[in-house]
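Under the heading signal peptide, TrEMBL lists 1-17. What TrEMBL lists as region 'Disordered' is 40-64. The domain 'Dienelactone hydrolase' annotation in TrEMBL covers 103-178, 188-236.
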Amino acid sequence: MLVRCLLVVALAAVVAAAAGRLALAKENNGGRARWQVYSPAPSPKKHPCLENPPNMTENTGGEAGDVVHGYGGLECYATGSRRSGGRAVILVSDYYADKVAYQLGCYVVVPDLLFGDPYTDDPARPFEEWIKTHSPVEAAEKTKPLIAALKKDGTSTVGVGGYCWGGKVAVELSKTEETKARSNVPLKSLGVHHLVKIFPDAPHGFACRYNTTDPFAVKTAEEARADMVKWFDKYLEIMKR
């Protein structure tokens, strides 16, 4: 019997840095000295989620897929072959869907869960305000009809990969009924398969928004993508049994 399940991969990198300097300052009232901590003024730069937008047509000359309207009630970018042994992957981010579809040899769908309203780093609309109308929890609920549509079209196993905001969407989906496998072997007896990998010195968004002229950035991003592809290739096949 075919196993119908949802394999979820949530990928994220968080890097925190703090800098400061000690300066000896003399007070005017008496000439006494004391140590004070000064933090340098932050240099104006884009939010890390907005830096280095990926070139979706890198080395391809154009997009290999198509925009599909109303797929599970969502507008989606779909790429890869539907004849992929019943396997499909949903990517929740502006990621390299064409590359994943080619390397994995399966159907890849990128839904527009932001509904044409991405975060733009607008000072008049800080992230704290933007996120109020872009809940990852609600986005996960809106993804369920897409999973159902994929299964209706003959997909037996669906994987979900999420980056940054999309990572939370993937985690939320892992809590739902769509993630439960049905087979002759109880899933609990198999344990929970997982992979945790640390990329030292990698900034936030390193896997999907990186400087293509930086050898270190390219190496870590390609390594992370290879890990994801291998994970999906292995476990989407296992879950079909």
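Cβ coordinates come from backbone N, Cα and C, glycine included.
Taking H, G and I as helix, E and B as strand and the rest as coil, DSSP gives the domain 'Dienelactone hydrolase' (188-236) the counts 25 helix, 0 strand, 24 coil. Here the domain 'Dienelactone hydrolase' (103-178) has, by DSSP, the following mix of helix, strand and coil residues: 37 helix, 12 strand, 27 coil.
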